[in-house]
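Here's what TrEMBL has on this protein:
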- A:12-33: transmembrane segment (TRANSMEM)
- A:77-268: domain 'ABC transmembrane type-1' (DOMAIN)
- A:81-102: transmembrane segment (TRANSMEM)
- A:114-134: transmembrane segment (TRANSMEM)
- A:146-168: transmembrane segment (TRANSMEM)
- A:189-211: transmembrane segment (TRANSMEM)
- A:217-240: transmembrane segment (TRANSMEM)
- A:247-268: transmembrane segment (TRANSMEM)
Amino acid sequence: MSPLARKRLGKIALNTTATLVFLFAVFPVYWMIATSFKDNDQIFTTEFIPFPTHFTFDHLDRVLTEGVAGNSIWLYLRNSAIVALGTVLVGSMFALLAATAVARFKFKGRTGFLIALLMAQMIPAEALLIPLFLSVKRLGLYDQLLGLIVVNVGLTLPFGIWMLRTFVAAVPKSLEEAAWIDGASRMTTFWKVLFPLVAPGLVATSIFSFITAWNELIFALILMSDSSGYTMPVALQYFFGQRGTDWGAIMASSTLMTIPVVIFFLLVQRRMVSGLVAGAVKG
Amino acid sequence: MTNASTIARGGGNSSAPERRRRSSHRPNKASGLPPKAIPYVLLIPGILVIAGLLLYPMIQVVVMSFQKVGLPQISGKRPAEWLGWENYTKILENDIFWSSLRNTIAFAVITVSLTLILGTAVGVLLNKLSKRMSTFVIIGIMSAWAVPPVAQGVIWRWLFDSEAGIINWALNLLPDWLSTLAFGRADWTGEPWLNDAVTVYLVLILTVLWASFPFIAVSVLAGLKGIPTELYEAATVDGSGPWRTFWKITFPLLKPVFAVLTILSIIWDFKVFSQLYVLIGGPTNREAFNLSMYSFAEAFRSPPKMGTGAAIAVVLTVILLIVTAFYIRQMVKSEEVQ
């Protein structure tokens, strides 16, 4: 075989493999979306129906009006959004302050704090479940979205600080020093110099926290007893009935839950990967 | 601790080069705080959250694992009763604990290995593709990574549905003789994948592998981009094959990246909960429990046995800490937390 032909063959093999990887990753997502637009005859069949040829909005309409467990899916989406946004608003503020402290100052106890951060990331959420459940009950936050927000801030903060500190450290200190020399106050320097430069990192960290809180299942299961306070991950469980599962409805709801996350992910994926790995690899 | 509080020297000309290396010190103007206090003030909210929501509950769960915490104690009618090691001896005698432990460890070992292998292979592949093709594949695999864990469980439960699942349809496509030879059956319609613990974990491994290899792939790709191409050119000139090149150049250079990815994968896969919860439909099939699910079921299914649940949670945490201890030590030793 001539070298040229061999090269071309290699390229074809490479691209074919890449296409297979792409299909393996995308097909399950596609299948979820496709199922949510098929009518029941095309869903409950042993045949393979690649496209929803009997295209229907029935399932989407049904989950948004009738919903599940007594409420429309809108309510659960709203609850999830409140919890996730609340977590982000509080969490990113705290994370930014702490990240600035560890990335910009040397002080007694800094090493200890960083080690505590690392340890905190190793603690499985499952281990905190029981004591936090009891505390939330005692504080009267049971069955309230605020309780979930508080818990989610705790779950996302260590990683948020860890990730954000690399972004703060990446801003050249000379910029702040220049501002100081020009007579800007600490606060002005922070808001006018550091903050705008850290903002992209802050967005990435916030999106990470948002997604974590949006996806959180285990605490939402135990801290919410009234169905009007369910978040999406909990509400989805109620589609699995005793007498068969309404797959059209559950796929429509999963699609609604997945779309915002996928969009966020694609927006910040590059920065998030660098943050995750850099946050862990180098200081 | 050695380089504590250089900031205390504030108020100097911060442009002096030998001083610039040190931390921020500047004229203390328009701020009522002494410079030394600033980092502590900035840390207050973070420390409160971490201490109150993570460290204190962690201590509480250890204490509770030595106590009897049932309904009367939860409702506050009776104080918690000290049991000593009884919760631990009780779970060690329970078969469900051992099957949960086995499931947890076997699942983590298999899934972490498969994820790392597949992720690395895809990362190397992405690095060889044209710019357009690699962007296309990255967007595809990212959408799998982005799917919420609960939705992952829902999707794969549907793919493996016994009646209308596409996996059974695909297996039915196999020629009957081959299917019979390999699996001992030809007709797959009605195969209940999610009834039996072993097949539940087969599906769970696939689910988690599908959702987590993209992150490995993209991280490996980012690492590969940092390796100078001259190294590979030199290797090619010296007649090194791709396999040899990977082990002699790529792997050693990416070792730190692999270390982090391994640890992150272990942490994630050890305590997988959401996907398993959806696949088995809540804590019902006890043979299919892992430690997370077992602890959850003990503590929150009636009658609640929170002491036992706490003991199981402590075991899970200790295992995780042992596995990750060397990683923390590595981080502390290196520049990382200085």
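Positions of Cβ are set from backbone N, Cα and C atoms, glycine also.
Keep in mind that this is a model prediction, so the values were computed, not measured.
Contact check: the transmembrane segment (A:81-102) against the transmembrane segment (A:247-268) gives fewer than three Cβ pairs closer than 8 Å, residues 6 or more apart, which falls short of the contact criterion.
As a quick check, the transmembrane segment (A:12-33) and the transmembrane segment (A:217-240) miss the bar of 3 or more Cβ pairs under 8 A, pairs 6 or more apart, so the two do not touch.
For the transmembrane segment (A:146-168), the most Cβ-contacting stretch among A:114-134, A:189-211, A:217-240 is A:189-211 (pairs under 8 Å). Listed by sequence, the residues of this chain that lie at least six past the ends of the transmembrane segment (A:217-240) yet keep a Cβ under 8 A from its Cβ atoms are 67-71, 73, 75-77, 79-80, 83, 125-126, 129, 132-133, 136, 141-145, 147-148, 151-152, 155, 246, 249-250, 253-254, 256-257.
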